[in-house]
Amino acid sequence: MMKALVIEDIKVITTAPEGINLVAVKVTTNDPSIYGVGCATFTQRYEVVVTAIDKYLKPFLIGKDPQRIEDIWRTASVSSYWRNGPVLNNALSGIDMALWDIKGKLANMPLYQLFGGKVRDAVPAYIHADAQSVSDAVELVQTRVDQGWKQIRVQIGGYGGNNQAMHLPKDNTPGVYYDPDVYMKTMIEGFEKLREKFGDSIKLCHDVHERLSPSEAVKFANQLEKFDLLFLEDALPPEQVQWFEHLRSHTNIPLAMGELFNNPHEWTGLIQNRTIDYLRLHLSQVGGITPTRKIISLADAYGVRTAWHGPGDMTGIGHAVNTHLSITSTNFGIQEWSCSIKENTYKVFPGTPVAKDGYIYLNDQPGIGVDIDEEAAAAFPTHDRMADWTLCRLPDGSAGRP
């Protein structure tokens, strides 16, 4: 009689192969040949996620059947009574992805086969062009085009145009300052120059990163309409999502939102009211694969497309999961590809998807198709530096949103 498969151990691995703190999870079973890996990165508070897994989820899960993914996700998510939030959801995500990885390995199928099979041959993606000036932006976009990219997100001067000179009080509080008026003016000038040079041969998008007030966001969106953007991202913060109906009624520019969402109430209304065009969830922030598959179905029913968040603060495992879901979703829109995915990422996370000429490609290995080289991970230790870009301020010294 075959021995029942159970979770034997859960290991949390922290690493920073490209200088950004990452958290990965490895779930092992009583069969030494069967294990799974997942992404649990909440980079700004990564050690809290480690504690949540080691102290709470690990003892809760050891001895359980790793194939009962739905039951494990549901019980683990409510076992602390209080639920959602970036710490618990990222911890859950690492476990959840690892269990799906195990499921795929047991079935000897890549995840995309378990999800119903491919509906496209590769995943179209956009890449960043983060420049310090308008002229630099034009040059960098040309570089991206020469690299084969057709869809490009353009930022000038950081989020909110941080590098711009501005009128400040005599004595100002330390922080990263930005001026919304200068920022909007600079971006309009930048898109004018980009359309002059490239015409409509490429698709462009932009991330406001919640740096504007609702009225400023409406004004900015109207000014951007003539540039035919793929979408305008995070024009408003999660705390102001009720303003999206007002924004939607005053502009025809496609709207994208979602990377900061943790709670179903944050996205459900936007989807059901068709207030956004693209849902930009960060999959580990909502709890992993299990909840995301349900969200995809909800969005599909209302004609909202996916555009998963794919930043540098995500393991190669997370990028692969994004791609498995994108390649199997009929309501897929586009996927983000990080410029931070470089040689060290592939050393630490062998099997990480590759991008070529604007498309992302998966391998055909069972499960997620990505592993963790623990020896390589240890060669890139994490650090405790605070991210200064989150400490942003308006010209008068008041705190802004990052």
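Residue 1 is the first one shown; counting continues down the chain.
Placed from the backbone N, Cα and C atoms, the Cβ positions cover glycine too.
Going through GLU189, GLU239, GLU336, GLU343 against Swiss-Prot, the one listed in the D-arabinonate site together with HIS209, GLU259, ARG280, HIS309 turns out to be GLU336. Per Swiss-Prot, Mg(2+) is bound by ASP207, GLU259; the candidate from GLU139, GLU233, GLU374, GLU375 named for the same site is GLU233.
Just so you know, the Cβ of GLU233 (Mg(2+) binding site) picks up 25 other Cβ atoms within 10 Å once every protein chain is counted. In sequence order, GLY258, GLU259, ARG280, LEU281, HIS282, LEU283, GLU336 make up the list of same-chain residues 6 or more apart from HIS309 (D-arabinonate binding site) whose Cβ falls under 8 Å from its Cβ. Taking the mean position of the Cβ atoms of ASP207, GLU233, GLU259 as the Mg(2+) site, the remaining same-chain residues with a Cβ inside 8 Å of that point are VAL208, HIS209, ASP234, ALA256, MET257, ARG280, HIS309.
Residues HIS209, GLU259, ARG280, HIS309, GLU336 make up the record's D-arabinonate site, and a Cβ search at 8 Å around their centroid adds ASP207, GLU233, ASP234, ALA256, GLY258, HIS282, ALA307, GLY310, PRO311 from the same chain. Taking the Cβ of ASP207 (Mg(2+) binding site) as reference, residues of its chain lying under 8 Å away and at least six apart in sequence are, in sequence order, ARG153, GLN155, TYR159, GLU233, ASP234.
Of all residue pairs in HIS209, GLU259, ARG280, HIS309, GLU336, the annotated binders of D-arabinonate, the farthest apart have Cα atoms separated by 15 Å. With the fewest other C-beta atoms within 10 Å around its C-beta, HIS209 stands out among the binding-site residues HIS209, ARG280.
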